[in-house]
Amino acid sequence: MDDSYHNNVNQQVTESGEYTYTQDGGGHDSYPYQTDYPPQDEDAASDATEGADDNDQMYEGEYQGIPHPDEIKEARRAARMEARRKARQAAQQVDEEDNLPEQYEAIMEDCGHGRFQWMLFFVLGLALMADGVDGFVVGFVLPSAEKDMCISNADKGLLGLLVYVAMMVGALIWGGLCDKMGRRKCLIYVLTIDLVFSFLSCFAQSYGFFLFFRFCSGFGIGGSIPIVYTYFTEFLQMDKRGEHLSWLCMFWMLGGLYASFTAWGIIPHYGWGFSIGSEFQMHSWRLFIFVCLFPALAALIGVIFMPESPRFLLESARHDEAWMILRQVHDTNWKAKGEPERVFTATNIKTPQTQEDEFIEIQSDTGTAFQRWTVRHMTMLQQVMANIMSLSAPELRLQGLFLVIVWFCLAFSYHGLGVWFPDMIKYMQYEEYESKVRVFHRERVERFHFNFSLVNQIHREGEYIHDKFANIEIKSVKFEDSLFENCYFEDIKSTNTFFENCTLKNTVFYNTDLWKEKFKECRMENTTFLHPKKGCHLNFQEENDIVIYIVSFLGSLAVLPGNIISALFMDKIGRIRIIGGSMLASSACTFLLLLSFSQGAVICWQCIFYGVSVAAWNGLEVISVELYPSSKRGTAFGILNGVCKFAAIIASFIFAAFIGITKIIPIFLAFAALVCGGLVALKLPETREKILL
């Protein structure tokens, strides 16, 4: 290569604004690069290269494998350029992630609020209603189921405990999964699980199967609340979130009204059931459970026709799917408003680069289907756990702690008093009933036919010789230290009836539900039990007091004014004032419960408490979905809802333990929890004008 060619190359490069580095000793290789230095004259060569012949010079380390100094410089230069490129890319990625919330908010404002949001509102409202119904089912069916399946008090407490534990676990798991699998898909799974196992519980004849089916149903429906609020929030613009999320809360109240009304209308009608032999019985309380499936079924059908949350799709880097759904929302709303010609203007939606969401999966040619399924789901579980751990980041730690305290305090007092109110009314009824008990002492009855019911009686040291008890009901009767000789019992239905320290001689029990467990420390001589009835066979028309259904109905209805007020003022006075004010006002209501000495007073204060405290629930649910970023929103809400269920479990045990002992301790605990939660709530950040992260 001659010098003239070398000079021509230098001249050409110089005129184009690029500068050429020339290798020492010749012009074998040229490395173009740009610098920030001003251009130099082409004849400004160094002394080391002046007069050198390109063809005569050779790098002496070429055959020794030593890199040329210019190669080292070029490698360093390339590394610096790559580092600058990555830095620019990272800065651009951070900028895109920072701009995505603002861009998404602008798109939702362009889509408007209209027909699409209202359709989604009613569909998700039905899912929330299904959760509300499930919260009442166990409490309504227990008085009937415990007699029909002969459930002991310990087993009865186990049912209520396991259902709440299942709902707590469901909230934690499904809340985390909806951030990885999608809001719509998880909601379909949740409703399907609830429907299948609730339906099976209608026909469960043994207590073990009934307990298992209700546990699985609770695990499913327990995840509905975190998913529903997360799902609906991501279709709302900023100035609509507070109001419309509060309106959505009304469906939980409708679930309570639906459950109370249907229980009132179905359960007392014992004759509405049927039986097949003595092994399969379908009583009215089972029909009530079946009717309670309708809200979940309607919600499932509706969710199938709803699209996935576009915000979730953007977080998952599924840009095209998100754009199509946002366009669907835009066109649906503006066509309904009479402006079909409006064009969806969003053409380039920025998406964050989420590398961590990629699955590690065994390829189809290297593993079995089970191995692939296991690896995929274990990977998803690891991602969910990583998402949970990320909530402990410094910027989320303090506000998360405040939210946990407020959720726990509100749930502890609300669910605790929710157990205390009906139990207190039952206890007052029981005291009134016990005050009217009739006591018979040392009576002697011989050759008498009892063809009338025995109700609320105590018989001590009586003697019954050649007597017949046939086709009657024995309710709340106790025989103590009595003698039954040559007696005959036929077609007896008993409720809360026991024989203690009695002697039975030559006595026959035919087709009764008086089995050996009802005879405590009794002496039996030649006593026969023929064709004993399965179950307890109570008369539902007599046993189930409709006052409990009316109380639950009124308590759910009392929530309506508080729901309306909180919805109208949520965006006007802010979430923090709503939560704090509502909890402090509710604490005053609990303190006044000390002045209630009758069933009517307890019912009245129950309605006032529910009406005042519902505003705190609405504000707390709104602020919980607004504080956390979209990639962690479902996970955080699931944890908070799990804390709520945990507080309900603790409160139900504590408050129920003091029924009939004292009402000062439960009321003081509720008062203290509400005051503490209300004061802590004032430390939460206001999210009224905050764009969803």
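Backbone N, Cα and C define each Cβ position, glycine as well.
Worth saying up front: this structure is predicted, and the values here are computed from it rather than measured.
According to TrEMBL:
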COMPBIAS  1-23  compositional bias 'Polar residues'
COMPBIAS  39-59  compositional bias 'Acidic residues'
DOMAIN    120-688  domain 'Major facilitator superfamily (MFS) profile'
REGION    1-67  region 'Disordered'
TRANSMEM  118-145  transmembrane segment
TRANSMEM  157-174  transmembrane segment
TRANSMEM  186-206  transmembrane segment
TRANSMEM  212-232  transmembrane segment
TRANSMEM  244-267  transmembrane segment
TRANSMEM  287-306  transmembrane segment
TRANSMEM  400-421  transmembrane segment
TRANSMEM  546-569  transmembrane segment
TRANSMEM  576-597  transmembrane segment
TRANSMEM  603-623  transmembrane segment
TRANSMEM  635-658  transmembrane segment
TRANSMEM  664-682  transmembrane segment
Do at least three CB pairs under 8 A connect the transmembrane segment (635-658) and the transmembrane segment (287-306), leaving out pairs fewer than 6 apart in sequence? no
Highest Cβ pair tally under 8 Å against the transmembrane segment (244-267), stretches 118-145, 157-174, 603-623, 635-658, lands on 118-145
Of the listed stretches (186-206, 576-597, 603-623), which one yields the highest count of Cβ-Cβ distances below 8 Å with the transmembrane segment (400-421)? 603-623
Recorded stretches the transmembrane segment (212-232) and the transmembrane segment (635-658) touching, at least 3 CB pairs under 8 Å: yes
Mean of the pLDDT scores, which run from 0 to 100, over the domain 'Major facilitator superfamily (MFS) profile' (120-688): 83
Quick one: do the transmembrane segment (157-174) and the transmembrane segment (603-623) have at least 3 Cβ pairs under 8 Å, skipping pairs fewer than 6 apart in sequence? no
Taking 3+ C-beta pairs under 8 angstroms (sequence gap of 6 or more) as contact, is the transmembrane segment (546-569) in contact with the transmembrane segment (635-658)? no
